[in-house]
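For reference, the structure is listed below as structure tokens.
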Amino acid sequence: MESNQVPLESHPRHDCHQRNLVSISISDPAHPFLFSRKKRLYAALVTGFGYASSTLSSSLPGGASSYIAEHFQIKNQELVVLPLVIYLVGYILGPLFLSPLSEHYGRKPTLNTANLVFFGSSIGCALAPTFAALVVFRFFAGLSAAVPLTVVGGVYADLFKDSASRGKATALYTIIGSIPTVCGPTLFAFVSIPSFRWSFWLTSILSGLLGIALMFLPETYLPKLEKMRAQQLRCGKDCANSFAQIELDGRTSIAILGAALSRPSRMFFGEAVVFFSSLYASLIYAILFLLFAAYPYIFHGIYGMSYGISGLAFLPMGLGVLLSYYVIFLWDSYYVRNLPTASERQCNAEYRRLPLACAGGILQVFSLFWLAWTSSSSIHWIVPMLSGTIFGIALMLIMVSIFNYLTDSYGIYSASALGAASCVRSMCGACLPLAAHSMYSNLGVAWATSILGFAAVAMIPIPFVLIIYGEAIRARSEFCVKVHPHDDIFIERVEIVSVTGV
């Protein structure tokens, strides 16, 4: 792979009798936008693989939970879902305390450190002697696995300057990363037949392979690249006074780090776009993880399938995830084709990204009521199972559109915006599965699932409201980047750090 060293050829010689500010312009070969096609593709694929590895591990207990419960003799149904829930608790804390580090130390060191912790935690899960030890290692696995969920979005914002190419790349890797989530229970249900430990050994192997690939990952965070260039220049005899903007911050390292760590929470509570986008995506994400617990109840309890076979019920959902990319591609092609004649308002991020979220919300409601009222022994099992196809499409339309919307809106701070969204998503995903057993045993499949459908109905207005008022809301934001109409929605970097000290 190409060297991670920042080239100096295009950098002009500085007057070294005064402090010189080192920057990398958009025409500079060292700018991530101008990385070679091979280099950008490698960075996109490796970080996308990290995302997929993280989501695959999140769904592991969905297929292995019965084997884990049998091995450790766990009878309490709330405890059975604890390995799933505690992983998502790690997902909650990871974006708050780890992901923002990529906006201070760079993308590559953050991803490497997180993967190393995940690798060790996965081995710990595979060797866990007790259920308590398994839960502890699952927490640290979730904590470290949360990093790719948000940092990868920042990497894509670093690499792709226009929203068209970035949107397609983001949609592809989000879908690829989501297939393991919905199909993971099927895989792990069969892998765990000899022993549930084989599931954790599988994730350990994938993490080890990722670690090797990350060694050759180029740094993509522009302020870090500018710092690297300044350090290279200072190594020479004539440029000892060269500094990057990030090095001229007057605050202490602790203050800078504190600002980075607090940014996701500040963005969630202070940015209406982040707040409502996070809530909208959180519901379908939480329902997905509740279905990991509910599907065995439906297809094992009602239709008498074995746990391994009942895991196959997730395959239609995986099909829906695949089909969603075709829907996203059609919408993107339609939008780009009509962009030259569009009004300035129709060129903003809301009109480009959120119509898919509107459609996804409606499809989510349809799929949940379909599942609710067709899950009966008098109706063939294929009918409720096929509702997962619609749910899979809805899941991706919502997740991809919200992911792209936040990335378009927040640019170099997208890792923090996505971190806030991921935190809320994971919090909901961790809590809702705990109620699965009580809901389905007390209310029955029809009404328990219908309650989820009614909650989805309540969320439908959110993307419609953002389409109308989102641009005005973003105009008052200190974090949002400027979006230029009729320029393929090119995202301009805003030097907020030097102005506000954020």
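Numbers here mean position along the shown chain, with the first residue as 1.
Just so it is clear, glycine is given a Cβ too, placed from its N, Cα and C backbone atoms.
Listed features, source TrEMBL:
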type	residues	note
TRANSMEM	41-60	transmembrane segment
DOMAIN	43-473	domain 'Major facilitator superfamily (MFS) profile'
TRANSMEM	80-101	transmembrane segment
TRANSMEM	113-133	transmembrane segment
TRANSMEM	139-159	transmembrane segment
TRANSMEM	171-192	transmembrane segment
TRANSMEM	198-217	transmembrane segment
TRANSMEM	272-295	transmembrane segment
TRANSMEM	307-333	transmembrane segment
TRANSMEM	354-373	transmembrane segment
TRANSMEM	379-406	transmembrane segment
TRANSMEM	418-440	transmembrane segment
TRANSMEM	446-469	transmembrane segment
Within-chain partners of the transmembrane segment (379-406) [C-beta distance under 8 Å, separation at least 6 from its ends]: 153, 163, 166-167, 170-171, 174-175, 178, 182, 273-274, 277, 280-281, 284-285, 288, 291, 298-299, 303, 305, 313-325, 327-328, 349-350, 353-357, 359-361, 363-364, 366-368, 370-371, 414, 417-418, 421, 463
Recorded stretch that, among 113-133, 139-159, 171-192, 198-217, 272-295, has the most CB pairs under 8 Å to the transmembrane segment (307-333): 171-192
Recorded stretch, among 41-60, 113-133, 171-192, 198-217, 272-295, maximising Cβ pairs under 8 Å relative to the transmembrane segment (418-440): 272-295
Residues from the same chain, set at least six apart from the ends of the transmembrane segment (198-217), whose C-beta lies under 8 A from its own: 1, 4, 42-43, 46-47, 49-50, 53, 56-57, 60, 63-64, 107-108, 111-112, 115-116, 118-119, 122-123, 125-126, 141, 188, 191-192
Contact check, the transmembrane segment (113-133) vs the transmembrane segment (41-60), 3+ Cβ pairs under 8 Å, seq sep 6+: yes
Whole-number mean of pLDDT values that fall within the domain 'Major facilitator superfamily (MFS) profile' (43-473): 85
